[in-house]
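Remarks on the structure that follows.
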Amino acid sequence: MYRLLSVASVPLLASLVHGYADPGACSGVCTTHDPGLIRRESDGTYFLFSTGNKISYVSASSIEGPWTSVGSMLPDGSSIDLDGNDDLWAPDVSYVDGLYYVYYAVSTFGSQDSAIGLATSETMEYGSWTDHGSTGIASSSAKIYNAIDPNLIYADGTYYINFGSFWDDIYQVPMKSTPTAAASSSYNLAYDPSGTHAEEGSYMFQYGDYYYLFYSAGICCGYDTSMPASGEEYHIKVCRSTSPTGDFVDSDGTACTDGGGTMVLESHGEVYGPGGQGVYDDPNLGPVLYYHYMNTTIGYADSDAQFGWNTIDFSSGWPVV
């Protein structure tokens, strides 16, 4: 039988999980949700994009900060004609042929009426962004997936977008050679057949011979009003494959399309509900897992979510933080 836990009990339960390093240092504006991280090619400035405020973003000279506000990426919202086009989600940022690409999601909470859009800029400075609208990756109640939480990867000469949330979970679609639009139909990469199929926020990263499919599992939000049962809050899992397009398995060999997934990071110490993750190959630190989390000493509202990051050790063949 499931029961809701009081907020006061969460730090005690989280402290029972051991073995994870604390998040790296962060100063300045450290509130974020579904972060997207990149370092500008021209001068090494870091930019961090976030769900909310029509994609809010901050910048800093170091991953540790101090982070200062830049503003909204698309202050007029998205040109995509869907509810939620003024409340954009889950930015994913990449550098493509001299332009910074930020993919974003347009949707409303719990809806499949969703689409993935794109904005580009040469500099990432405030006011420099061009909204290209929809990439053609979209969903409705007639689909078996939800077209949110985009992530771009370039592999073997092809761009792919990974996306999806609940329903049939994580999908992938090949993109055109200039990745502004989908090139063909999508296919499934990961699926949890149990419960509410609570997987989303995928991020693919190549290291060595493997492609690692990170994703967030569990309940993301609203902890201040409805605390999940212990272990059902957000946490980060991974599967891997030698191909970017399928056959992902966890460390036990269970297929990611059949509920497989190896734990990467979960609640511990003052960290609660880590997720919305990405991986950045930092020139000084090496691979870094970045994410949002609730600091139990600050609060559990969505607006309290903090920027977290840890270096990744791949020496075992699996990511360890």
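Including glycine, each Cβ sits where the backbone N, Cα and C put it.
Feature annotations, reproduced from Swiss-Prot:
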- D34: active site, proton acceptor (ACT_SITE)
- E200: active site, proton donor (ACT_SITE)
- N295: N-linked glycosylation site (CARBOHYD)
- 1-19: signal peptide (SIGNAL)
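Locations of recorded Swiss-Prot features on the structure.
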{"residue": "D34", "record": "active site, proton acceptor", "contacts (Cβ under 8 Å, 6+ apart)": "S50, T51, W89, A90, P91, D149, G201, G276, H292"}
{"residue": "E200", "record": "active site, proton donor", "contacts (Cβ under 8 Å, 6+ apart)": "I148, D149, G164, S165, F166, D169, I170, Y215, S216, C220"}
{"residue": "N295", "record": "N-linked glycosylation site", "contacts (Cβ under 8 Å, 6+ apart)": "E270, V271, Y272, D304, Q306"}
